[in-house]
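Written out below as structure tokens is the structure these notes cover.
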Amino acid sequence: MSIEEIRKFSNEISSKINFDYDLKKSNWFNIGGQTKVYFRPDNLPDLILFLKKFGEKEKIHILGAGSNTLISDEKFDGVVIKLGKNFSNISILPNDVIIAGSACLDKKLSDFALNNGIGGFEFLACIPGTIGGGLKMNAGCFNKEFKDVLVSIQAIDKNGQVFTIPASKVIFKYRSNDLKEDLIFLSASFKGTKKNKEEIENEVLELKKKKDKAQPTKLKTSGSTFKNPIDQTDKKVWKLIKDSVPLDISFGDAHISNKHCNFFVNKNNASFEDMNKLIEFVKISVEKKTGIVLEKEIKILK
């Protein structure tokens, strides 16, 4: 890695670049070591310049809210990019179209839609991530996904080229899409429908009640660990885990939630190795018991 080149570049832009940056507080598991470079672009020109200069040279990982990421305790030999506050702007256009930056929290978009009397975004109140992360994995809950309200995506590639992708050109599947892995999402436009604010608010409250009843809250967890294996069985992944794994199993401080067994929890000071061992133990146990191979929903940064 050309650290000296990046240090020199950091003096040429207004955005902040940190070196040997601790990532532990940047994810919901509260697990992880350092990254050699941590770039938080405050504006698009700085991001374009960085990618044109280093996009092909460096290993790059985009970090959103960290609500779906497990980070290694070893130092990441690359660049972690976390888009700054100017990428979290949100605005409304005619015909009930909303544009949101990819660093915008899902809940912020849901609240904005509610305040403007636009329905269709209620489910986002229950997803604890950013717009960019939601687009990346076609996040969803309660039978609704990002693709259902998406109009278009603005993205940038590792060469610093910015372009717009209509939703109609993207093949979305369960928790995935066919877009190139190295794309960085900048913003997206979404379309909802006019709806009574009280109706929207009631639906949001109802969805939150369902979520809080079924899922752990205010704990160090990254949500669903594995995807539902929809191409192998109709059974939900939590049911497969419950039937295949002793739920009191733990590795260090890495435990299975007693509220939802597809949620793994750092009870105190679990290491990456602890959590990764738990994930692999569950994966192997389910395969041995059922023959079904689980795929991780959480992202691993190492």
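Quick reminder: no glycine exception, Cβ is built from N, Cα and C everywhere.
As given in Swiss-Prot:
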type     : residues : note
ACT_SITE : R175     : active site
ACT_SITE : S224     : active site, proton donor
ACT_SITE : E297     : active site
DOMAIN   : 31-210   : domain 'FAD-binding PCMH-type'
Secondary structure of the residue listed as 'active site, proton donor' (DSSP, helix/strand/coil): strand
C-beta crowding around E297 (active site), within 10 angstroms: 18
Cβ-Cβ distance under 8 Å to R175 (active site), same chain, at least six residues away: M137, N138, A139, G140, K227, E297
Overall pLDDT of the domain 'FAD-binding PCMH-type' (31-210), taken as the mean: 98
The residue listed as 'active site, proton donor' CB neighbourhood, other CB atoms within 10 A: 21
